[in-house]
Amino acid sequence: MGEQSPLKPLSSLFLLLLTLLTTTVESRLTTDFYSKSCPRFLDIVRDTISDKQITHPTTAAAVIRLFFHDCFPNGCDASILVSSTAFNVAERDSSINLSLPGDGFDVIVRAKTALELACPQTVSCSDIISVATRDLLVTVGGPYYPVHLGRRDSRTSKASLLADLLPLPSSPMAKTIRQFESRGFTVQEMVALSGAHSIGFSHCKEFVGLVGRNSTGYNPRFAQALKKACSSYPKDPTISVFNDIMTPNKFDNMYFQNIPKGLGLLESDHGLYSDPRTRPFVDLYARDQDRFFKDFAKAMQKLSLYGVKTGRRGEVRRRCDAIN
């Protein structure tokens, strides 16, 4: 009685080591990394993403999702962009990534093409993703945060390395929390990052089975509307619904206001409110958008530094979809 579990000091030690590692990585990266080698880097990315967002308003959500699917499993290294070959099934072709919107891939390729003309083989694809994500977030009303640069791109991309590393909409909250904590993210940071669902959409296959069940947390009228919207889903699997039905194209805290009202779209959204570990943060962000923006920006910056490669551990690809 009164003895401390051996897991707690080990967990604390892990988080301390991860913090030290993140600090070390951040010291290698700088916000002005390309000031001399490619002085127009930020302008080129900004021009490219602005043009794309104007013509395809879902681009911001697509790139934010691409960023998460690249960084969260094995670090921010642009491995998600690599195309499969006859000898290798790449990350982008794993089952969990097949639904990633094409606009996300397209705008990164456009930015890379423009940068290769201006500064050949200088800017990494992983740095492009990180800056494009931040800039697109700002264009839809989200918070600004500094992005440290100098990442290198991965030399490998294998779908087999993604097994069970990305949270699924249907995953139990306990498992999702473990996945985040194993990467050094707190429960509060996990909830803040979930706020990315403020924009974008989800395909009916992600939630249509849940809508038909009883006691799932859906507002009854919302559930009926979802059933109607997805009625043709078996014939057309591309049918989708906005994650936030109130302000679908604006990054704000409405996503968190929706959840307690039964207007969450995915099982994971409802899980945030039903789990006592996450519910207080949903309530916090629902009533305080400034706090949500502050915490989201810090969590995104932290995620952008997760598992990055520098120096000889990576490369600067000539094309984002192929290993040099």
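Quick reminder: no glycine exception, Cβ is built from N, Cα and C everywhere.
Annotation source TrEMBL lists active site, proton acceptor at HIS69. Among the features that TrEMBL reports, Ca(2+) 1 binding site is placed at ASP70, GLY75, ASP77, SER79, GLU91. Annotation source TrEMBL lists substrate binding site at PRO167. Annotated heme b binding site per TrEMBL: HIS197, in sequence order. The annotation Ca(2+) 2 binding site is assigned in TrEMBL to ASP244, THR247, ASP252. Annotation source TrEMBL lists disulfide bond at CYS38-CYS119, CYS71-CYS76, CYS125-CYS320, CYS204-CYS230. Annotation source TrEMBL lists site 'Transition state stabilizer' at ARG65.
Note: the CA-CA distance between CYS230 (disulfide bond) and ASP244 (Ca(2+) 2 binding site) rounds to 16 Å.
In this structure, of the recorded positions ARG65, HIS197, the smallest number of CB atoms within 10 A of the CB marks ARG65. Figure note: comparing Cβ neighbours within 10 Å for the binding-site residues SER79, THR247, the maximum is reached by SER79.
Other than the site residues ASP70, GLY75, ASP77, SER79, GLU91, same-chain residues with C-beta atoms no more than 8 angstroms from the centre of those residues' C-beta atoms, the Ca(2+) 1 site, are CYS71, PRO73, ASN74, CYS76, ALA78, ILE80, SER126, SER154, SER157, GLY307. Ranked by Cβ neighbours within 10 A across all protein chains shown, the disulfide-bonded residues CYS125, CYS204, CYS320 are led by CYS125. Of all the recorded positions in the list HIS69, SER79, THR247, ASP252, the shortest Cα-Cα distance to CYS320 (disulfide bond) is found for SER79. For GLY75 (Ca(2+) 1 binding site), the nearest of the recorded positions by C-alpha distance turns out to be PRO167; the candidates were CYS38, PRO167, CYS204, ASP244, THR247.
Counting only residues at least six positions away in the same chain, the Cβ atoms of PHE67, ASP70, SER126, ILE129, SER130, ARG151, LEU303, SER304, LEU305, TYR306, GLY307, VAL308 sit under 8 Å from the Cβ of CYS76 (disulfide bond).
Residue density at CYS230 (disulfide bond): 19 other Cβ atoms are found within 10 A of its Cβ, drawing on all protein chains shown. Listed binding-site residues near ARG65 (site 'Transition state stabilizer'): HIS197 (candidates SER79, HIS197, ASP252; Cα-Cα distance within 10 Å).
For the pair GLU91 (Ca(2+) 1 binding site) and THR247 (Ca(2+) 2 binding site), the C-alpha distance works out to 32 angstrom.
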